[in-house]
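Annotated ATP binding site per TrEMBL: Lys11, Phe12, Ser13, Gly14, Gly52, Arg56, Tyr166, Asp169, in sequence order. Here TrEMBL flags Gly51, Asp71, Leu132, Gly133, Glu134, Pro135, Arg136, Phe137, Ser138, Thr139 as UMP binding site. Marked as domain 'Aspartate/glutamate/uridylate kinase' by TrEMBL: 7-214.
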Amino acid sequence: MSVKKERILLKFSGGALKGKGEIYSEEKLIALASQVKELSKSYEIGIVIGGGNIWRGKEEKIDLLSAVQADYVGMMATIMNSYVFKETLESIGVKSRLYSALAVERIVEDYSLSKIEEDLSSGRVIIFGGGLGEPRFSTDSAAIMRGIEIGAKKILIGKDGVEGVYNKDPNIYEDAVFYGQLSYDRIISENIKVFDHSALNLAKENKLHFLIFNQEVENSFIKSLNGGIRVSEIF
């Protein structure tokens, strides 16, 4: 009788896919997909990908777009990244399926928890595109909600060039303090910046377990689970 695998959710930014001056780096795509392939031997995996390599809503200056419209562009950027990554996984022999809260006929599956559960249990890697399908929610919020829905035991969050959670930006302040472990109560009482407020409350209510680390380190997602990389742990 086979032992049921633990279920985890990976969240990485669009920057994890980006090359120098290019939206995508084939080398980075393959390296990241290879990590997922290795992890899939021991875990059932869901994935949420940001869209920042294509569209950064807070930084884009297009006055004719409202904030809501800009958010929809961002959601579509996550679908593009998710589709590219799905095809990368398939190219190295990893069975995967892309679901989206926003309908995109012929490209992605409509969101269905029963189908997702069936796919995860059968060993498919599931990618969630389109955020939550509604504007004003971050991809962190999407990762938290999807983690709750699939019953993920851990949520692994890769950051761009930052080792985890600090009291202030370590790229600006030399005296920034790194947090190895954090409770939700401490995050709230000290107003530590981790997730947006709504996402944080949702995570606390559901007692989610996070590992946050620098995704730019080689094999960072694998290392975050075996102690091979510095992480901030929230539980």
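The backbone N, Cα and C atoms fix where each Cβ goes, glycine too.
Any TrEMBL annotation is an automated prediction that lacks curation.
Recorded residues Leu132 (UMP binding site) and Gly14 (ATP binding site) have their alpha carbons 17 Å apart, per Cα-Cα distance. The secondary structure of Gly51 (UMP binding site), as reduced to three states from DSSP, is coil rather than helix or strand. DSSP assigns Arg136 (UMP binding site) to coil in the three-state reduction, placing it in neither a helix nor a strand. Looking only at the binding-site residues Glu134, Arg136, Ser138, the one with its C-alpha closest to Arg56 (ATP binding site) is Ser138. Using CA atoms as reference points, the binding-site residues Gly51, Glu134, Arg136, Ser138 were checked against Tyr166 (ATP binding site), and the closest is Ser138.
For the recorded site, Ser13 (ATP binding site), the DSSP three-state label reads coil. Per the record's binding annotation for ATP, residues Lys11, Phe12, Ser13, Gly14, Gly52, Arg56, Tyr166, Asp169 show a top Cα-Cα distance of 23 Å. For Leu132 (UMP binding site), the number of other Cβ atoms no farther than 10 Å from its own Cβ, over all displayed protein chains, is 19. Distances between the Cα of Gly51 (UMP binding site) and those of the binding-site residues Phe12, Ser13, Gly14, Asp169 are shortest for Gly14. Arg136 (UMP binding site) has a Cβ environment of 12 other Cβ atoms inside 10 Å. The Cβ centroid of Gly51, Asp71, Leu132, Gly133, Glu134, Pro135, Arg136, Phe137, Ser138, Thr139 marks the UMP site; residues of that chain outside this set whose Cβ lies within 8 Å of it are Gly74, Met75, Gly131, Ser141, Ala142, given in sequence order.
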